[in-house]
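J.: Sharing a structure with you now.
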């Protein structure tokens, strides 16, 4: 009885600790994402351009991009798991924000100075790994500190900073070239001054914005987290069916072996072995979890993350499907937007030509525009959610994004790219906020970090699949036409929108409060 009373008291103190926050406090907490998105914006717009400048072929781009999904797959759930159990002078989330930002800034300085595809790939791995460390705790930080009725507003405010950072990053090379006179052309194998300077500015912006969040945001101490370490012994873990885990693990291992065997026999792209390995590891993890349960040993470390995946709430299970098709489409857009627009506008395929670089700059402006649309749309999103519900609002925005991607594939004049960017921007606003609000309402506070990380795994897996299959698909099935990859992206996001309507809507309509 005393233990139960103590638990109730902890819950009451947690709720009391989550006092409503002012808009300034919310802005300070979210502003670090401005710098994080500057990094992603520079990477998304310029990575293909950098690799092609250094000599990479079009069909090599997907595998060279694989650093982003792999590091996200490995880093985000681990950082979420560790940050749930960290407490020091900076709290439990802020040490990772600061450390990741410092390493990312170093990588941003190195990236535009590489001189080979191999070196660019190594630095890209460093950059994406570090920025994942900095990014992952931001979502959990909001869920830790912000009351439920302010979370949609907080996540939407994050979109404002994300959109602002992406606008800044995407447009920077064009602005530096056209407004400040920095050259956008360079000799073969060398990146132009405008691009190098953009990366340097990005490093400064990242450190400044994340530093402000770390300096001005206070975290709740462990004793104020309602579901503390005692709640980690979840009742459902004790009732886990060992036979079910063994059976499901066997199915995953058989699927992994089938993928690997088909790849070997049919001579498919070697990247599929990576997918087979991930599938197989998940199956083996379920076997080890069953063994732990049989022997009464609580899973720890990576096995505990596997156990958390097994016990995901229904909301996360359905979101996993939505996010798979959403991020498959986004990854295809990021890879093929520049070559598609350059080809369809008549700029050709030579990444060293002035025409190609002009098209690439226009795509950067389009990316900036859709992020600007997302930043503005984020202010309206809480009111749309309050009116029709989170899942319905998310599905509607995804349908708009699919329409925009289809339009992007049909545009031949880069000056009209702003039209499809409207739909893409509406989708992007919801993609960056609505799923996180759903997750934060569906998982216990003490496991917020790890479940945010697990949720992000389902953003990463489709990017791995895309990295493994898109090059082969575009080359063999789509006639080598990058614009057709954008049509495929539109279809994928439309399917995600359809599945989004089936997500259990626990929060329903949440009234927006500032």
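Yeah, the Cβs are placed from backbone N, Cα and C, and that goes for glycine too.
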J.: Ranges 197-215, 216-234: which does TrEMBL label transmembrane segment?
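T.: Of the candidate stretches, TrEMBL labels 197-215 as transmembrane segment.
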J.: Need a quick answer: max count of Cβ pairs under 8 Å to the transmembrane segment (197-215), which of 62-83, 95-111, 249-266, 417-438 is it?
T.: 95-111
J.: Between the transmembrane segment (155-177) and the transmembrane segment (393-411), are there three or more C-beta pairs closer than 8 Å, counting only pairs 6 or more apart along the chain?
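T.: These two segments do not touch.
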J.: Apart from its near flanks, which chain residues at least 6 from the ends of the transmembrane segment (62-83) lie with a Cβ under 8 angstroms of it?
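T.: Distant contacts of the transmembrane segment (62-83): 43, 47-48, 51, 56, 92-93, 96, 117, 120-121, 124-125, 128-129, 132-133, 136-137, 140, 269, 271, 274, 278, 301-302, 304-305, 331, 334-335, 449-454, 456-457, 459-464, 466-471.
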